[in-house]
């Protein structure tokens, strides 16, 4: 679970990007100093990310199709199987602007969904889509930051964030907020592009991400820079076991990781204790 930018960018990375070390997991909080492979002031990062998603809000599903070859739909179905929606369950979906996760939750028998996204244009797209699907009740929309959620403490049964955690300025702050809003015994789920565990697939995926994807972004969406940022942000996201440790450090128990499609994506889950 972006937009054209005028800021100067580094060239496309090689198959083994010469990025700062976060591609395999950096120290906690260091992600806030980087926007893709470009060093930035942490206080400026959320605005840059918001600008990216403003530019792609109307084409967000297309973006995910290009990023994953369409497989993101199957990944989201797998996520929802793990969530196991029930009529008495309240779901908070963070960075869920266009509603993909919330709609799946409601269509599978979930009780109530709250969608929170930092980008107002993404929320507008999601709300419009809910009207198109005739989902007029059971879902609420709010604009908010994953690091400072406008949600009451201990108020939701499940927390999901799909393709959003790598874009926050301070991952540990977002994890702390996830724990705060979950009821005791509530479940945390993060679906995110991750680090490929199969060497041959890794080489192919690097070529696709850094050489093919930005060109597709330019041709299909007129936005090469945003798609290059997406590829860079994936490589800078902590690797799977590093994320397990950070989720545990945030106070979650029974933390697990499930690789999808050879590690192109992964689902991390844990219980709020």
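Backbone N, Cα and C define each Cβ position, glycine as well.
Features reported for this protein in TrEMBL:
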REGION    1-25  region 'Disordered'
COMPBIAS  12-23  compositional bias 'Low complexity'
BINDING   98, 117, 145, 146  S-adenosyl-L-methionine binding site
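The candidate set comprises the binding-site residues 117, 145. Of these, 117 has the most other Cβ atoms within 10 Å. The secondary structure of residue 146 (S-adenosyl-L-methionine binding site), as reduced to three states from DSSP, is coil rather than helix or strand. Looking at the residues that bind S-adenosyl-L-methionine per the record, 98, 117, 145, 146, the two CA atoms farthest apart are separated by 16 Å. All protein chains shown were included, and the count of other CB atoms within 10 Å of the CB of residue 146 (S-adenosyl-L-methionine binding site) stands at 24. Residue 98 (S-adenosyl-L-methionine binding site) has a Cβ environment of 25 other Cβ atoms inside 10 Å. In the three-state DSSP assignment, the secondary structure recorded for residue 98 (S-adenosyl-L-methionine binding site) is coil.
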